Amino acid sequence: MSASEPGSTGGVRTRPRGRAGDRLLRVYVWLVIAWLLLPIAVMIVFGFNDTQSKSNVSWQGFTAKWWGRLDEYPQLLDAVDYSLKIALLSVLVTTVLGTLMGLALGRHRFRGQGATNLMMFAAISSPELVMGASLLSLFISTGVETGFWTVVIAHVLFSLSFVAITVRARVVGMDASIEEAARDLGASAWTTFWRITFPMILPGVVAGALLAFALSIDDFVITQFTTGGDVQTFPLWIWGATRIGVPPQVNVIGTLIFAAGVAIAVLNAVTARRRGT
Amino acid sequence: MKRLTPYLLVLPGGLWLAVFLVVPMVFMASVSTQEGDLVNGFAQTFNVGVYGDVLSQYGTQFLRSAGYGLAATVLSILLAYPVAYWIAFRGGARKSTYLLLVLLPFFVSFVLRTVSWKFLLADEGILLAPLKSAGLLPGDFHVLQTTAAVIGGLVYNYLPFMILPIYVALERVDPRTVEAAQDLYASRREAFTRIVLPLSLPGVFAGVLMTFVPMTSDYVNAAILGGPENTMIGNIIQTEYLVNNDYPTAAALSFTLMAAMLVGIFAYARALGTENVLEAAAR
């Protein structure tokens, strides 16, 4: 190997090949993204399909009539209503409990911290199926009737750790000396929390709450195990409809939820950027 | 008071986890060794033999689920890594836009996404019907009710969970370390295999944890996209619990599944550090 070789030829040889590789990689990434978005496009488009039969499979022409006929399936609207109520209630509970946990884990050292971390880890990594099955075993054994409230309990369970971790990350990244300064200036612990700590962790709390909402509204497996016959959420209704054919109204509601979700995510990202966090 | 603060803060959430996560596992174990039926009630008989029964009866489904989970995980790594790599190193100022695109499927319900694939892949659906009428595919060609459809569905539904942690790990790689390697005469390939790849492995490990477990225990994809030959252990557990109401069998199956998963997860997390995996999981 001569001294002049690696510096000159190495650079010349690898760069053009690298660019071709980059271009190929770019095409590949867009193909994967297209694959990821394909079923969403189908969902949106088939909400405008002028289908005659219940099985909404082949394209029959454009119509917007389904958007005005959502009430054709009253149980579908009930299901959406249940989904929203369950999501809002469970988010409320999860956000309060998760924020408190996040504060404890981020700010304090205490006995049982390892056990708490372990339980949170188990809640995140256990299969949904097992969580649902064991909750159902608990409810069967103790004679608790499954329905609306058992679903709320389950939804709080699986989103709690995510909120706690999001808030903990925020608490850890926070400068504790600001709180100390407030205390030095005579603020009570209560005042310090609401005037200093809470506003500083708020972005973490909001992010956690949004995540919990998304997890709740989308959940199928645990909900199926912990609900009774009367309470169906939107995903459960779709599951029931797959056997007889999914009506276009499902596509319309799916599109509405999708649009709302994207709007909230974009809004959250924009405000976060403006705040500089 | 000050010493009590952390306990008071952690107590409500900790209790929730203990009562609704840990305690139910004990109840599930207890239900599994009971005998009886829905009409006459179930009684505790410590029938440990049920575990042998379910393993011999549903061993095929256990193995099939593990096989599907493994295949889908490997495919996910292969598909996700280049995407994560490109966004992390070539995404430039639009990184968050690409990430949002990758995450868009999460704004559509999991079941609805899978149903959407059923539309797409239907025997006379919008993909296959034109190909068949053009004579490019035989008339009896089908994708639904095959192993490929189920594994494809699993990969589709969980791919973002693999892309994200790998992306997070790659994002942290300092580009200067790659430059340094190249200054020291490493080829592009060497710089990748000896610098970038090892640094990104924790992301791959987190991704495996976040995809293998839910994919192996999934029953939605097999139920919607698969046929009778594709029944996974999740389908059996779901049917036994919610349709046949054979709680002991169902509980024994779930407990076996959970035990296998937990042993795996904790061995995995021990080897890699719980905190790291937790943090990667939270992103």
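Heads up, the Cβ atoms here are built off N, Cα and C, so glycines get one too.
Copied over from TrEMBL, here are the features:
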{"type": "DOMAIN", "residues": "B:62-268", "note": "domain 'ABC transmembrane type-1'"}
{"type": "TRANSMEM", "residues": "B:7-29", "note": "transmembrane segment"}
{"type": "TRANSMEM", "residues": "B:66-87", "note": "transmembrane segment"}
{"type": "TRANSMEM", "residues": "B:99-121", "note": "transmembrane segment"}
{"type": "TRANSMEM", "residues": "B:141-170", "note": "transmembrane segment"}
{"type": "TRANSMEM", "residues": "B:191-213", "note": "transmembrane segment"}
{"type": "TRANSMEM", "residues": "B:250-269", "note": "transmembrane segment"}
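Only residues 6 or more beyond the boundaries of the transmembrane segment (B:191-213), in the same chain, are considered here, and those with a CB under 8 A from a CB of the stretch are 69-70, 72-73, 76-77, 80-81, 84-85, 158, 161-170, 172-173, 177-178, 181-182, 261, 265, 268-269, 272, 276-277, 280-281. Recorded stretches compared: B:7-29, B:66-87, B:250-269; the one with the most Cβ pairs under 8 Å to the transmembrane segment (B:99-121) is B:66-87.
Counted as Cβ pairs under 8 Å, contacts with the transmembrane segment (B:250-269) are highest for B:7-29 among B:7-29, B:66-87, B:141-170. Tertiary neighbourhood of the transmembrane segment (B:7-29): same-chain residues 251, 254-255, 258, selected by CB-CB distance under 8 Å and a gap of 6+ residues from either end.
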